[in-house]
Every structure is written in C-alpha cells, then in structure tokens.
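**Q** Okay, here's the structure, questions in a sec.
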Amino acid sequence: MRLRARQGEALTGRFVVPGDKSQSHRALILGALATGETVIAGLLESEDVLATAAALRAFGARVERFGPGRWRVIGGPWRSPDASIDCGNSGTSVRLLMGAAAGQGVRATFTGDASLSKRPMRRVRGPLEAMGARFEGGDTLPLTVAGPVTRGIAHVNVPASAQVKSAVLLAGLGTDQPVEVSEPVPSRDHSEIMLAEFGVAVERSGGTVRLGSQRSLSGRLVSVAGDPSSAAFALGAAAIVPGSEVRVENMLLNPHRSGFVMALQRMGADLAMSNIRGQSGETIGDVRVRFGPLFGAEFTPEEIPSMVDEIPILAVVAAGARGETRIEGLDELRHKESDRLSLMAEGLAACGVAARSEGDALVIDGGPIRGGAEVRTEGDHRIAMSHLVLGLAAEQPVTVDEADMIATSFPTFREAMRGIGARIEEVAQ
Ligand code: S3P
C-alpha cells in the first residue's frame, strides 16, 4: 500500500498512542518465564509483539487476549518447539527470545523476514556462547539455539544495545553464576526495571548491572505506558506544522527513552510535561507540544541510544527548523530494519531538503520543505511514518512507496494521525 501525506489544517488535540513496544515484548516474555499468572494492560498489539506472543505459545506458555490490549500469560517450564520460530520483522523478539531460550535450555530455530535475515546476530550469539550456550548456523538468521547456558558472564555492551543486554540478563536466569553487563553509554533499562517488578533484583552501580542471586520470577500485573517512539511522530509533526498543538497522555518518560523530547526542547520547541508519576516501575506522564520557531542543533554519539528509534523523525523535525542540525554517531542506524542513515538522507533530499550523510553523521540544513516526491522505504516502518510527517509540513504532498510495514510497530498510525487532523490517504498503485 502507498500512502500520501499533504499539508492541511493545523494539528490539534489528543494523540492516541499505543502501548510501548519494548515494555510489551518484555511483559509477555517475563510472564512466560514466571510462575503463576501475569496480567498485562495496554499491550501493543502490533505485528512485532504478536510475533513474540506466538513464539511464547510455541515455548509452552499460555498466552491469551481477553480484551483490547488486555492479555493474560501463564508461565511454566519451557519446551523445545517442533517448528521454527518466525520472528517476522522483529529484532527485539528474536534477540530477547534467543537469550531466554538459551537460559531455559530449550532447542529452537529462529527465522525472520528478508530485513531481519540481514541483521547482525553475532552480537547476541557471541555473549550467549561465552555463557556456554551452543548455536548452529552463522551470524544471521536462520539460527538455532542448540545447547543451554552453563556459566555466568561479565559482558561489555558496546555498541550500546538494550537487546543484547536483555538477552544476556534473560539467559542469566538459567544459571546461578554471576551475570553482569557494563555499559559505557547506557541503553534503555526496561528489562532491569521489569525483572525487579517480577521479583528478580538487578543491582546497578556506575555503568554496570548485575543479576541478583534470586532468579525465579513471579507473575504480576503490568501496565504498559504509551510508546514514546510512536508518540514522536505526532509530537514532531506538531512542532513543524504551523498552528499545531498536540498532547499525548500516559507516555513513557524513562530517561533512556526521552532523547527525542530533550532534542525538541534543545531546538526551541514549545513543549511541556505534566502529571508525571510512576507506573509498573517506570516514569510516565503527559507531553504537550505547540508549533513555534525551531533552530538547528548538534547531537553527540552519547545521546543517540536515548533516541535511537527517533532519529528518522528527528531528521524530519530538523528539516523544518532554521539552520543546520548535525546528528553524530549513527553507525547503529545502518543495522536497523533498513539502513536508516542512507534512506533518510535519500528521502529528505528527494523532497528538496539539504540533507546528507557524512560518515556516520546526518547533516540537515533546515528551511521551507518542497516535498513533491515518492520516497523509498525498503519496508521500514519508521522511514515510512517519518516521511509522511514530512509531507504534512511540505509545500507539495509526499508519498511513501510501501506503508504496510507500519503495522509492525503502530497499526493504528493513520487513525491516530487523522484524529489530530492529519491528511494521509491511500494512493492507487
Ligand atoms: C529495543 C532496543 C533498540 C531499539 C529497538 C527496541 C528494545 O535496539 O532500536 O527498536 O526493546 O530493547 P538496540 O538495543 O539493538 O539498539
């Protein structure tokens, strides 16, 4: 499906954002590892998360939906599935589940779609092998976890990857040996927070996290907050579409996920946070953005992990700002669902924005946005959503060549954007 976005009225009102993808995967996986019942409210029902739910059923857990976003998981001993586990487009599913499977000592073959089959798995396989796990296959999918974790590890997490850290911590549940992960630059810490909620303490000192010695989990209630990576499309759109004012309620405000909100503030956006509170161990709150003048800014490599999935929409915001924005340290973007560094430079340039990649930096000279192009997404959901937002602020409409993959993370994107007044339509092939 091709989608086209065009400039219209100002964007206003409450943006209905679905549950956080990272929290959703983890709630299902920890529920399947726990004894007793886990009830989840606000689960993101996207293709990626549903791939995790299906995988957990194959590993023997009872995973049931009993209402919109409301799920029940009954954990228990894991079994080796008969068929291979298809993780679709989802890097989080495959990397976290490999760690969990190695920890539970089950044998499982993991597969994925064309994009996931190109992404690096050595980064997970390496530390799990250092913990004694055995693998069959290479550095990409398909890959088989063939033998259990037998020892602990002191892993140094470079480049900062929450998926790798989480795989090591989940694998570590299968040993009583010391398991620690050190991070020179911190990655998102939802696994640590949620493990503690399920009864497994994770000590933190400096940049090191260490699994506590009590490693069995008990089922519990998890409330999933609004996904800041999905909210970023509306907040970013409000910042660059004249006259807009948009608010998002109950959004995850974990500092390791708040880089985009901080970036908007640094660029001069009129942004306010309110109603800040705790929920399921996380910090959440409401965020409001009003249109106003924005200015280019510089972002350093250390800032990237806190907004790693928001770089495409940050680049769009930079296109609507006055002056130059430099975003440094984007090598990891080449290993996401697509080479996001190249595709953003290409898509923005096609829409008349002065944008280029310089090594692993993205440099954008903002100003009026011409638009009027069809952009190549290579099936990457965030490339598609970012360019649609660009179209809302451009002089001429912007079309994305393939938008079905938006369902991997944000199946209700179009309705949610239309709800604040965005003009996004399907275009005949
Ligand atoms: C995620 C971690 C990030 C992010 C991904 C979700 C997670 O990947 O890009 O969308 O839930 O742990 P890396 O940890 O590999 O950077």
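Glycine residues also receive a Cβ, built from the backbone N, Cα and C atoms like all the rest.
Look at TrEMBL and you will find 7-417 tagged as domain 'Enolpyruvate transferase'. The 3-phosphoshikimate binding site feature in TrEMBL is assigned to Lys21, Ser22, Arg26, Ser161, Gln163, Asp309, Lys336. Annotation comment: TrEMBL describes Lys21, Gly91, Arg119, Gln163, Arg340, Arg382 as phosphoenolpyruvate binding site. Taken from TrEMBL, the feature active site, proton acceptor applies to Asp309.
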**Q** Is any of Arg26, Gln163, Arg382 (binding-site residues) within Cβ reach of ligand 1, i.e. under 6 A, and which?
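**A** Those binding-site residues that pass the cut-off, since their Cβ is under 6 Å from ligand 1, are Gln163.
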**Q** Nearest to Arg119 (phosphoenolpyruvate binding site) by Cα, among Lys21, Ser22, Gln163 (binding-site residues)?
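**A** Answer for the nearest of the binding-site residues: Gln163.
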**Q** With Cβ-Cβ distance below 8 Å and at least 6 positions apart along the chain, what are the contacts of Ser22 (3-phosphoshikimate binding site)? List them in sequence order.
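**A** Listed in sequence order, they are Thr92, Ala162, Arg188, His190, Arg257.
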**Q** Tell me, in order along the sequence, which binding-site residues from Gly91, Arg340, Arg382 have their CA within 10 Å of Arg26 (3-phosphoshikimate binding site).
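**A** Cα filter at 10 Å returns nothing.
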**Q** Measuring Cα to Cα, how many Å separate Lys336 (3-phosphoshikimate binding site) from Gly91 (phosphoenolpyruvate binding site)?
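**A** Here the two Cα atoms lie 8 Å apart.
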**Q** With the phosphoenolpyruvate site defined by the record as Lys21, Gly91, Arg119, Gln163, Arg340, Arg382, how many Å span the farthest pair of C-alpha atoms?
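**A** Output for phosphoenolpyruvate binders Lys21, Gly91, Arg119, Gln163, Arg340, Arg382: max Cα distance 19 Å.
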**Q** Within the chain of Lys21 (3-phosphoshikimate binding site), which residues six or more apart in sequence place their C-beta under 8 angstroms from its C-beta?
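**A** Once residues fewer than 6 apart are set aside, Lys21 (3-phosphoshikimate binding site) is near Leu44, Ser46, Asp48, Val49, Thr92, Asp227, Ser229, Ser230, Ser409.
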**Q** Across the domain 'Enolpyruvate transferase' (7-417), what does the pLDDT come to on average, as a whole number?
**A** 98
**Q** Show which residues of the chain containing Gly91 (phosphoenolpyruvate binding site), separated from it by at least 6 in sequence, have their CB under 8 Å from its CB.
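**A** The list for Gly91 (phosphoenolpyruvate binding site) reads Leu116, Arg119, Gln163, Lys336, Glu337, given in order along the sequence.
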